[in-house]
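Participant: My structure is below; once you've seen it, I'll send some questions.
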Amino acid sequence: MLTKRIIPCLDIKDGRVVKGTKFLNLRDAGDPVELAQYYDDEGADELVFLDITASAEKRDIIIDVVERTAEKVFIPLTVGGGIKSIEDFRRILRAGADKVSINTAAVKNPNLIKEASEIFGSQCVVVAIDAKRHYVNEDEIDKINKNVVKVEDGYCWFEVYIYGGRKETGIDAINWAKKVEELGAGEILLTSIDKDGTKSGYDLILTKEISKSVKLPVIASGGCGKPEHVYEAFVYGKADAALMAGILHYREYTIEEIKKYCADRGIPMRLL
């Protein structure tokens, strides 16, 4: 089994790190460069920067934050938010990022995935999928052309959302994951909108369904509240990596504690 990764996520708005619940109610969590350095020292395997205002408010990319971070941080850095073109990819990678994450742009122009992976290599292309449960009655299952799964409280399919979780697309997340793999993406960053910020654990059913439908590495995101949740994402969700924000930003747990919890239970982790 490959080493599982712990990835702090820094949601950035107006050049500051913020953390919200279900994509709303942001509260300031600090300076991105300082936090990135702190997590690098703490033993994070990678970092994700998401400029959460960029796609929705058409804000330009946070190039200077990326440049300042890349000078001080030597673990892989993924940057997303507001990336719409090959030129945006080029600028982000030139600023020092290792990978670029796209969500809204990928849904609106799937060919961008193919183009970017051909030009920069699929290892640089991360497709972020923000998904939400769409519940259906049992008697409707055969009538809708979606991957309906049984969940704790009924039946649902998982719908892809864009513009920072604000707009539904009608697209089935399982089908979309298969499509982005076909188009040449190197990794999927999968966020459960239902779980985001709740600290009640990842959506293990969503994570498992996506993980088993593709060969790509899947990063579980949304809902991490304690080390046990990370362990569950790896064991039951079949995730390759776990993304988290609030529990780290507010020092509820350290990366070392999370890694040790998983390693003690047989999960291969890179320990300091």
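Backbone N, Cα and C define each Cβ position, glycine as well.
Pulled from Swiss-Prot, these are the listed features:
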{"type": "ACT_SITE", "residues": "ASP11", "note": "active site"}
{"type": "ACT_SITE", "residues": "ASP130", "note": "active site"}
Participant: Rounded to a whole angstrom, what is the C-alpha distance between ASP130 (active site) and ASP11 (active site)?
Facilitator: 14
Participant: Using a 10 Å cut-off on CB atoms, tell me which of the active-site residues ASP11, ASP130 is the least crowded.
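Facilitator: Output over active-site residues ASP11, ASP130: least Cβ neighbours within 10 Å is ASP11.
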Participant: Under a three-state reduction of DSSP output, how is ASP130 (active site) classified: helix, strand, or coil?
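Facilitator: Assignment for ASP130 (active site) reads strand.
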Participant: Taking DSSP as the reference, which of helix, strand or coil describes ASP11 (active site)?
Facilitator: strand
